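**Q** Supplied in structure tokens, the structure appears directly below.
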């Protein structure tokens with residue numbers, strides 16, 4: 001595999017070539033299982049030759065026959081064919097102290113040194129053994145460059161492995177002596193460098209050389225003179241870069257995974273080119289952040305286009321899914337696992353935060369479906385609460401409603417937990433729960449209101465019914481203690497109903513103010529109701545007065561209908577009936593339901609004047625619209641209304657009075673219909689012969705007697721006196737309708753009595769004949 005120039009002589013990095021090489025050699029997907037070895041050294045010191053023999057690379061080597069000149073320009077990278085299993089990369093840097101760049105142009109030398117220190121796991125430093133210990137030889141400037149550039153790395157205390165390869169060793173100078181000299185030179189150079197003031201450690205060894213570098217020294221023989229020995233030791237040196245070798249030179253920790261190596265090297269070189277201090281920990285965080293962001297972007301896009309995700313979103317928007325949470329978590333976990341695989345070898349802190357970011361990102365993609373599911377959970381819990389609370393009656397309502405609320409919220413929490421993607425409760429769910437609690441409270445209040453209305457309506461009906469019959473009956477009878485009776489009924493009924501409020505509404509859990517409000521409402525309704533009953537009764541005042549008048553006029557004290565005989569005083573009875581009606585009107589004039597009105601003498605006196613037939617006797621109060629000494633709010637009928645009611649009553653009872661007067665007159669006339677005494681004497685004297693002929697004629701006498709009996713029976717059944725009380729014409733009509741049935745009835749009764757008499761006589765005659773028959777033989781025997 002050929003090498004690639006990743007940084008040319010002008011300092012431009014070839015990102016595409018670098019990426020292509022990493023992909024082709026498998027480092028891109030190797031994670032942290034790769035190694036990167038860099039080499040630095042003076043120009044034409046055999047760096048490329050060393051790499052080619054140790055790692056099997058194919059870097060261009062210097063042709064000595066053409067003269068000693070620059071061979072490697074810029075920075076080259078190649079994969080080691082001999083360490084392919086270990087995914088080893090080799091970085092060949094441009095030699096230092098080259099005449100092509102001039103004596104003063106050390107900028108690229110420093111940049112490439114810093115780059116090698118930043119990206120490599122092990123830095124090889126190629127030196128000639130005769131340069132060791134020289135003050136102005138090519139060795140010390142290189143060492144100073146390496147140490148000086150290392151100070152620009154903020155590497156969190158991690159040591160850099162420096163392997164010094166001393167070329168063309170001499171048998172006369174042992175390696176230990178050369179290593180000692182190099183270490184002394186390195187410490188001298190290191191101590192002479194200015195250090196950052198804010199760098200320090202707790203152990204007091206802040207700037208010791210060994211605290212920053214792992215120094216390893218090795219040597220190789222001359223390649224041209226001892227080629228076989230050189231190859232053998234090159235092979236031995238190669239084994240030091242195998243991970244399977246327990247004594248390898250490779251560090252135990254890796255900074256950047258292979259998938260981000262291209263980006264990391266690009267960013268590091270850009271930072272170096274901008275002449276900025278290179279903070280490797282921050283760089284690793286940056287690389288991890290960029291790689292994680294790329295992974296999040298790719299996975300999020302793939303997640304949003306996933307067919308399973310789209311199908312789940314469609315289902316979740318339609319109805320509540322019992323397995324939504326598990327299905328969604330399953331898909332999310334799959335993508336999180338892919339994320340973990342993609343960023344496995346980056347900074348753990350960055351991975352952890354970015355993993356949460358990806359989880360939130362995927363959650364945002366599913367937020368519409370999750371919100372729909374959460375809303376379904378809310379609606380289900382709300383529906384359950386509404387259904388259960390709607391079925392509760394007043395008994396222990398508050399206690400049972402609280403239990404249903406707890407069950408509903410628990411149902412919501414469980415459902416939301418089942419549909420949640422994360423284990424934490426999102427703010428949206430907390431807001432939704434608050435909304436659910438508000439809606440539950442609204443349903444609870446509405447149900448309380450409905451139940452309270454139903455209970456109050458029921459109690460109002462009971463109260464109305466309890467007031468209706470006593471008030472109606474009392475106003476129909478209108479006794480003298482009407483208002484006392486009504487006050488007693490009102491007080492008793494209102495007290496009973498108000499006392500039952502706490503029992504009826506106790507299960508609703510209402511506070512004292514609400515209960516008191518209900519009592520006031522019921523009391524107000526009761527007052528409106530009995531006030532309405534009183535007003536309705538007062539509207540029927542003409543009928544009440546008429547009934548009072550008729551009851552007193554048409555019936556006596558025992559309740560027997562009056563018979564308007566000739567001796568009855570119709571006028572007195574009429575006056576008494578009017579006085580009774582006036583008393584009833586007095587009771588209907590002023591309301592005494594709240595308290596007894598003691599100053600009603602003037603009202604009674606004024607109403608008494610209505611009974612007088614003389615218009616001049618009418619009280620002047622009837623010309624006004626108020627009663628003297630009576631509060632206006634207690635007045636049911638003002639004087640003018642009373643006068644109007646009285647007139648209406650008089651017009652309605654006038655026919656009854658006229659009927660009574662007519663019957664009375666008819667009775668008087670009937671009592672005066674007998675013939676005068678002289679006519680009776682004249683009839684006896686002049687009809688004496690006829691009377692005697694009748695007496696001497698038995699058949700005629702019997703006929704007249706029977707005719708008298710028959711006529712008397714008919715007379716008694718017709719009851720002429722009672723019929724005449726109705727009036728003459730009505731009496732004639734009634735008698736004409738009754739006469740025929742009465743005649744038939746009398747005839748049938750008369751025939752039955754005659755038949756019964758004959759049968760009795762026949763039965764009485766049979767025993768006598770039998771006795772006479774038995775007595776005859778006895779008499780003959782005696783004779």
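Easy rule for this one: first residue shown is 1, then count along the chain.
Including glycine, each Cβ sits where the backbone N, Cα and C put it.
No curator has checked TrEMBL annotations; they are predicted automatically.
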**Q** Looking at 677-710, 711-744, 745-778, which one does TrEMBL call transmembrane segment?
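**A** When 677-710, 711-744, 745-778 are checked in TrEMBL, transmembrane segment belongs to 677-710.
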**Q** Determine which residues of the chain contact the transmembrane segment (677-710) at the Cβ level, with the cut-off under 8 Å and only residues 6 or more beyond its ends counted.
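**A** Non-local partners: 746, 750.
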**Q** Out of 41, 42, 46, which of the binding-site residues is least crowded by other Cβ atoms within 10 Å?
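**A** Each of the binding-site residues 41, 42, 46 was scored by Cβ atoms within 10 Å; lowest is 42.
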**Q** For each of 43, 44, 47, 48, count the other CB atoms within 10 A of its CB; which of these binding-site residues has the top count?
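**A** In terms of Cβ crowding, the pick is 47.
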**Q** As a test of the contact definition, list every same-chain residue at least 6 positions from residue 45 (GTP binding site) whose Cβ is closer than 8 Å to its Cβ.
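**A** The answer is 95, 126, 127, 128, 167.
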**Q** Average pLDDT across the topological domain 'Cytoplasmic' (720-783)?
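**A** The predicted confidence over the topological domain 'Cytoplasmic' (720-783), as a mean pLDDT, is 67.
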